[in-house]
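Accompanying notes for the structure given below.
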Amino acid sequence: TFFKSNDDVKKAFFVIDQDKSGFIEEDELKLFLQNFSAGARALTAGETKTFLAAGDSDGDGMIGVDEFQALVKA
């Protein structure tokens with residue numbers, strides 16, 4: 001896998017979590033996905049919500065560090 005350890009996953013999480021809230025919110029996820037690849041197009045609001053929902057296992061509208069770990073290790 002891309003991430004070698006849980007520490008790598010946590011480091012990635014905290015890079016995406018721009019406001020250091022402990023959660024990845026929709027705007028942070030959208031910014032990360034847009035910047036992930038130089039040629040990436042902007043995602044629609046619906047696409048961003050779909051990505052967010054895929055990782056948001058507790059339905060609070062945000063991705064916590066545990067949810068992020070589960071998402072990237074899946």
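Using the three backbone atoms N, Cα and C, a Cβ is placed for every residue, glycine included.
Straight from Swiss-Prot, the features:
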type: DOMAIN; residues: 4-39; note: domain 'EF-hand 1'
type: BINDING; residues: ASP17, ASP19, SER21, PHE23, GLU25, GLU28; note: Ca(2+) 1 binding site
type: DOMAIN; residues: 43-74; note: domain 'EF-hand 2'
type: BINDING; residues: ASP56, ASP58, ASP60, MET62, GLU67; note: Ca(2+) 2 binding site
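Features as recorded by Swiss-Prot, highlighted on the structure.
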residue : record                : contacts (Cβ under 8 Å, 6+ apart)
ASP17   : Ca(2+) 1 binding site : PHE23, ILE24, GLU28
ASP19   : Ca(2+) 1 binding site : GLU25, GLU28
SER21   : Ca(2+) 1 binding site : MET62
ASP56   : Ca(2+) 2 binding site : MET62, ILE63, GLU67
ASP58   : Ca(2+) 2 binding site : GLY64, GLU67
ASP60   : Ca(2+) 2 binding site : none
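Listed as Cβ neighbours of the domain 'EF-hand 2' (43-74) (distance under 8 Å, sequence separation of 6 or more from its ends, same chain) are residues 1-3, 6, 9-10, 12-13, 16, 21-26, 29-30, 33-34.
Ranking the binding-site residues GLU25, GLU67 by how many Cβ atoms sit within 10 Å of each one's Cβ puts GLU67 at the top. According to DSSP, the domain 'EF-hand 1' (4-39) comprises 21 helix, 2 strand, 13 coil. For MET62 (Ca(2+) 2 binding site), the number of other Cβ atoms no farther than 10 Å from its own Cβ, over all displayed protein chains, is 19. The local packing around PHE23 (Ca(2+) 1 binding site), expressed as other Cβ atoms within 10 Å of its Cβ over all shown chains, amounts to 18.
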